2 protein chains.
Amino acid sequence: MALVNEHFLKLPGSYLFSDIAKKVNTFRITHPKQDVIRLGIGDVTRPLPPACIEAMHKAVDEMTNANTFRGYGPEQGYDFLIEAIIKHDYTPRGIHLSPTEVFVNDGAKSDTGNIGDILRHDNSVGVTDPIYPVYIDSNVMCGRAGVLEEDGKWSNVTYMPCTAENNFVPEIPDKRIDIVYLCYPNNPTGTTLTKAQLKKWVDYALANDTLILFDAAYEAFIQEEDVPHSIYEIKGAKKCAIEFRSFSKTAGFTGVRCGYTVVPKELTAATLTGERIALNRLWNRRQCTKFNGTSYITQRAAEAIYTPEGKRQIKENIDYYMNNARTMKDGLEAAGLKVYGGVNAPYIWLKTPNGVGSWRFFEQMLYEANVVGTPGVGFGPSGEGYIRLTAFGNHEDCTEAMKRIRKWLM
Amino acid sequence: MALVNEHFLKLPGSYLFSDIAKKVNTFRITHPKQDVIRLGIGDVTRPLPPACIEAMHKAVDEMTNANTFRGYGPEQGYDFLIEAIIKHDYTPRGIHLSPTEVFVNDGAKSDTGNIGDILRHDNSVGVTDPIYPVYIDSNVMCGRAGVLEEDGKWSNVTYMPCTAENNFVPEIPDKRIDIVYLCYPNNPTGTTLTKAQLKKWVDYALANDTLILFDAAYEAFIQEEDVPHSIYEIKGAKKCAIEFRSFSKTAGFTGVRCGYTVVPKELTAATLTGERIALNRLWNRRQCTKFNGTSYITQRAAEAIYTPEGKRQIKENIDYYMNNARTMKDGLEAAGLKVYGGVNAPYIWLKTPNGVGSWRFFEQMLYEANVVGTPGVGFGPSGEGYIRLTAFGNHEDCTEAMKRIRKWLM
């Protein structure tokens, strides 16, 4: 008798975005003349950089001729892309990687979700709270998260609150945790850690034999000097951290699908008897067995991001979004609101005034200002009392939304 | 202390294709003037159909403009592709599927590897032998395969031999097995089951509450009438089978990456307490958590396969490969060899003469005829004494290879 993986049944329905859609729909039907501005969406809106378009047309044309046609590529990604990644994303920061330490994928969600395959099901897990739900859900699915308790937390997961009270800097745990997820610049709060703050985590990991899963999907949005782009800027991190990167937000690849994962050769984890095993070897085996590489055409597009024109073009897009972020931050502050993020990330984390709950403020903002955000509590218990706004919309909408919020609140 | 998933350490190195490459290299260095023909490769060589090229150029151009730009798509795939799949691959065979039963992916390897996520780790597994190694390896990785025994078999896996002795028709097991992998047309043997033969498996599955994982990646190569293209042509199969399809060999998508998986709504598996759970819901949750959809550009290319021009063009490519297969089958038989497959599949399964071992014959063929195949034993114990040849090369090479083999053996 085929048996299901019952851990899946522990997962509560994930209704955040469908609940939002329902509420917005209700408003639209009851207020057909009102124009709603959506600042809740986590997807890019600017078109692909011309350098990527050109590279894709060229790659598509290569597929028309048997002499230039590409079939199966390496599961780990093509050398041309891996070399560009190392040369442009790591070498300039003094980080030396070998090509076999970089694994190209079809987006960071796949790898942040699948990485658990190579780890025992009973490792303990630590997450900052609020958090990107994939980290939790993928651990629930394999039983690693334990059981859901009455307070809405999982029994085998340590939640590290990030709120205005601690300036969004998670406290170093006073106990050992086997695996810790860190996402910086952070989704959803848009906050970052300084080098000194991140170093404390690397030191903790080295002292406790903790594996850090470092999600740097928003690295390209960093504007300030003291914010690390890669965890490997911290000495010793290669011994304790896997880093996930994505072209989704960097270059508008949410529909094109490409990212990469760095698993350093010197990174190990233990067997029950204490033998050290290189995680690079296990991840390579995982990918060779369950993945057949990323589309050749997509990889050529990703390579083009690293050309001089590509770099200039993605910077223009990022500047556009960060200009939105600035407009929003300034507008919200002018309306008397307390906001975080938006400086090194395309996310604004807005504290609701007077302790109003996330969902209540969401509805007020929808009905009074006709602006849609995302209730912070949807990202975890510590998100209660916050709203996430994203800077991925068009600039006119951002400006108009700020006007409306100001008019509503002032 | 982070602990590794120790099941990975049970996996022996997978050296089949690197061992072959090494042996071929050695030959080349010692015989620099000999021209080697490779018939071992499992990758396509014909360029992409023009209809797919055109669709990709168009989709790439859509990404240049904010109004037509596509960001995140549905994790399950775009409706336009799912509708084309149902309309062309299923409806004409009297199979009715709802769009939510089809999941577009980045290739069948991902889903045949990941499907185990939704199933308990201690289900028993059955495989035909020889077999596509992903089925076994992905089960080893989560502990489901048990331990590797001295005879080279995994303790929790039932091997169902497919050899000339049983005409490559696996015997229905005399015990319950929870999960059975069937791949038809078969890789590596190139053989098929008739409807009556496949019906026996569906009946067994229904009687024993067995889940059939049906890999139909080579469906497009079927030429004969009585060979089912989909397991759902058999009554009751929707209650017991998941079907995997791929555009890799159908349309030359090995480097483009697209396939799909069908999980019928009425398919269930049990919890320990006997509750029936719809696998469609679990697979949907798995995909929404660990996958972010297939490239939009790739999905437009896949859609183009179903246009009248696309259909004609992929038929031309398939005819080309099947003509190779015919040439090879005829040539090998004329050389006095016993061959199987090659009628409804691009694989030829060659019985070595006089009981010579797979590796020995591989080397003889390389040194005497300068032709490279794949030793059958690399696909499992029952592959010993066989060689796999593929029809994916160019026609001139196939013809020349047959001449050489004939000259060598006659």
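Every residue, even glycine, has its Cβ placed from backbone N, Cα and C.
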Per TrEMBL, member of B:G42, B:G152, B:G357 binding substrate alongside B:Y15, B:K109, B:Y132, B:N187, B:N292, B:R388: B:G42
Out of B:Y72, B:Y78, B:Y340, TrEMBL lists as part of the pyridoxal 5'-phosphate site with B:A108, B:K109, B:Y132, B:N187, B:Y218, B:S246, B:F247, B:S248, B:R257, B:N292 the residue B:Y72
Taking just the CA atoms, what is the gap between B:Y15 (substrate binding site) and B:S248 (pyridoxal 5'-phosphate binding site) in Å? 23
Filtered recorded positions (B:Y15, B:Y132, B:N187, B:S246, B:K249, B:R388) by Cβ distance under 8 Å to chain A; hits in sequence order, or none, are none
Does DSSP give B:S246 (pyridoxal 5'-phosphate binding site) helix, strand or coil? strand
If I take every residue in the domain 'Aminotransferase class I/classII large' (B:35-405) and average their pLDDT values, what number comes out? 97
Taking only the CA atoms, the spacing between B:N187 (substrate binding site) and B:K249 (N6-(pyridoxal phosphate)lysine), expressed in whole angstrom, is 12
Starting from the Cα of B:K109 (substrate binding site), work out which of the recorded positions (B:Y72, B:S246, B:K249) are within 10 Å. B:S246
Of B:Y15, B:Y72, B:Y132, the binding-site residues given in the record, which has the fewest other CB atoms within 10 A of its CB? B:Y15
